[in-house]
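Take a look at the structure below.
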Amino acid sequence: MSYEMIVEIQGGACARALAKQRVRRLRTAWKTKRVVLCGVLLKMACCGGCLCCQCCCNEGETRTPEELTILGETREDDDEILPRKDYESLDYDRCINEPFLEVLEGLDNKKAKKYEAIKWILVFAIGVSTGLTGLFVDFFVRLFTQLKFSLVGQSVEECSENGCLALSLLELLALNMMFIFISSVLVLIEPVAAGSGIPEIKSYLNGVKIPGIVRLRTFICKVTGVLFAVAGGLFVGKEGPMIHSGAIVGAGLPQFQSITFKKILFHFPYFRSDRDKRDFVSAGAAAGVAAAFGAPIGGTLFSLEEGSSFWNQALTWKVLFCSMSATFTLNFFRSGINFSKWGSFQLPGLLNFGEFKCTDGDKSCHLWTAVDLAFFVLMGVAGGLLGALFNCINKRLAKYRMRNVHPKARFVRVLESLLVCMVTSLVIFIASVTLGECRDLVSTTNNNTSTQGSVNEEVNSTIRRFFCFNNTYNDMATLFFNPQEVAIHQLFHQNATFSPVTLSLFFVLYFFLSCWTYGVSVPSGLFVPSLLCGASLGRLVANILKINFHMQIYAGTFALIGAAAFLGGVVRMTISLTVILIESTNEITYGLPIMITLMVAKWTGDFFNEGIYDIHIHLKGVPLLEWETEVEMDKLTASDIMEPNLTYVYPHTRIQSLVSILRTTVYHAFPVVTENRDNEKEFMKGNILISNNIKFKKTSVLTRAGEQRRRCQSMKSYPSSELRNVCDEQVVVEPAEEGQDILQQMLERRYVPYPNLYPDQSPSEEWTMEERFRPLTFHGLILRSQLVNLLIRGVCYAENQSSASQPRLSHSEMTEDYPRFPDIHDLDLALLNPRMIVDVTPYMNPSPYTVSPNTRVSQVFNLFRTMGLRHLPVVNAEGEFHPVEDRIHHAGMDGLLRNCATGCRVDEAFTMDDLVDSISADTSGLRCGHVQLRIVFITPIVGIITRHNLTHEFLVAKLRQHYITI
């Protein structure tokens, strides 16, 4: 009994239960307890027994459920991190079927240029729309926060003398909880709108279709919910949701339709494929980054680094153009609204760090020196450690929510959000009133760290003087009782000093509250909280160096580096984050220290765990593909990781069989096969099937008998009286004429279904050994959505008719329902004649990418990821050279070609090189006047590879199985 039997895990709880039952039956047969015991000992040796080590150490991570399943062990608590098979992959590859070829035939240069022009127009529209979305969010967030802080701040100033601070606290709680309640209810309407959306968009760009992630309803709930979440005082940002919002705009705008507004229909036949849609989503996500940070180049690099697996130069130009459009749209309107100077372009993004510049004439001031690089490296290490701790705690909180909050009633999520809001509001109010220190507004030391006067005036206008008088301010209230962007400006540009105790308390409180907040049921970003948390840490380091060591440093630079270090330790982004921060500061001299800090923070954090977005992707069970596989994985081949148990269809298949297949399987594609009769050289030798000099294991070869038996059993369990027990019927069909090319007849649609090839017929006991274990020749792939479309539109022909009478569908009809194709359960069985036959050959993909069973995993992985594939068949291609007699020379067949016009001579020693020489000698090719030469390729399919077969968890499990086998 092979290991493959328990790796066949279908999506859904039922399939997981079946897999667990198989494990329980087979675990006693596998002696793997030593392996598991060794793993436990290694874990204890690495991490010991302490909670911190078990939380952060890589080697301390428990085995994934898929590994435990193969090794015969299961754990209920980790089931949620198993890559789920109900996530469907996007199909970036084109299906070159007959309807698509008809479109290509009618395509000329003029239409191609028109198509490209429309794409550029839509890219510009996506950028403008994303910029306007950012303007909408920013306007209302500013409106609500100014209203809240003005009311509460005025109340605190009045109540500080009258002793009614409790009333001020109630006002703050009432406003914050009202805003958070609205935001949380919006997430209940569309649960996908929760969080930042970056893990989902990263998965989508990686090639995974997550249901509802780019819907219009998600967009409305996301945009409206994030402005109330930020205005409600939670430690969240609006920059992350802007990326998700831009991606939704990119996905929906070129479609000119929405499932939310079904009655609004526009006839727009362009861009009806996953290939075009994913390009527009890449542009929209980049535009979201550009609008959030005013960083168009950083947005382009974000789409390239964090998601898209397929990239080209044309896409780079379009994404950059879209990012520029979003940046300047937002800049134009924000500058006009805030400064009444339309066209001045003074506010490039939602988050602007301001200008880092020394005072004119102060020659002793410097932004940073080479000596400071050593401190920046240490800050990078600290940021990586703190980021790893943040991710570890948040991961445990996310698991707790998945087990104890999400399964309960939906209003429990609202209660959790309100609880977090209440605690956050209490901390903000109590810390601002009781823990702050009164600091002088103007520094008493030699000020070589001051910025320009205009910046100082803007920063000083946002200070809070709670219980502080005589030109002093409350440092804790200045950080807590301001919008987060204002607090970041204070830490970057405030020329007064913050108390080290205040900075330490602020960092600790903000660290744990933001970690608790990320994951509640509200739209929430993580960029701004991480930047603010890291900026306080960097400012603390600057204060220590200035006060204790009397070093002449620029405090704003250390605050910026601290922000970059902590953010890099949390999200583990390098290239794009470096460019984003450089563009946000508008200071190119910060490029080297920011890059070094982010690299060190990433390396330090990666030693313990993954980035926060990768952790949440893993928790959601998304089968994400990394950039490349580990070197050790090349010990595996395609035959080791493929799915050998396939469900296939014949070129001409009855409706009853197609309905049974679609209703009883979860596969999204089916190989189209025929029997290999004319060229078979096979026999059984023990438990090995030898066919065309290719050896197969009897238990793993895709055979006619095994597949038909499974299909017959599935049809007997099908709950339709119309289709039940039909496999017991015997169908008599006249055999095809001898000597005819079956495949050629099939392609010409004059083919009568091959005898004994009915999918609804049980394996006959009279079959010979060759018939039972005859490999099936692969001719192409057809998708589930295509089969359902054919059935719904009635594309079939009667048994006594020719397949030429079957109705034809155009490419526009095949893609009309994109992206939500009808399901097989939407099909009315009463309208179908189960004995009708469907010819699938015009609609299948006859030339998909394929690999050999001996192909190494790294080659399979690179092909699958870079080409954006959805399915990768594994086939054995054997070419045989056959001379086919066309016209016999009047002198007879003395040799095959003794008197050829080109002088070539074909005999028993004729090789492929002779064939190439004859072609090069005469452009007439293989005609030679007498004999036509043909190469016949026999491609028996042995398995198929999908995204789930290339995930890291699956490959690691297979590698462990490989070690156990050897």
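Note that Cβ sites are derived from N, Cα and C of the backbone, with glycine treated the same way.
These figures come from a predicted structure and were not determined experimentally.
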Given the ranges 34-53, 314-333, which one is assigned the annotation transmembrane segment in TrEMBL? 314-333
Folded-back contacts onto the transmembrane segment (280-302), same chain, C-beta under 8 angstroms, at least six residues removed: 122-123, 126-127, 130-131, 133-134, 201, 204-205, 214, 238-240, 242-251, 253-254, 271, 308, 315-316, 318-320, 322-327, 329-331, 347-352, 527, 573, 575-577, 579-580, 582-584
Model confidence for the domain 'CBS' (844-908), as mean pLDDT, reads 64
Okay, the transmembrane segment (414-435) and the transmembrane segment (501-519): do they have at least three CB pairs under 8 Å, pairs separated by 6 or more? yes
Contact check, the transmembrane segment (219-237) vs the transmembrane segment (314-333), 3+ Cβ pairs under 8 Å, seq sep 6+: no
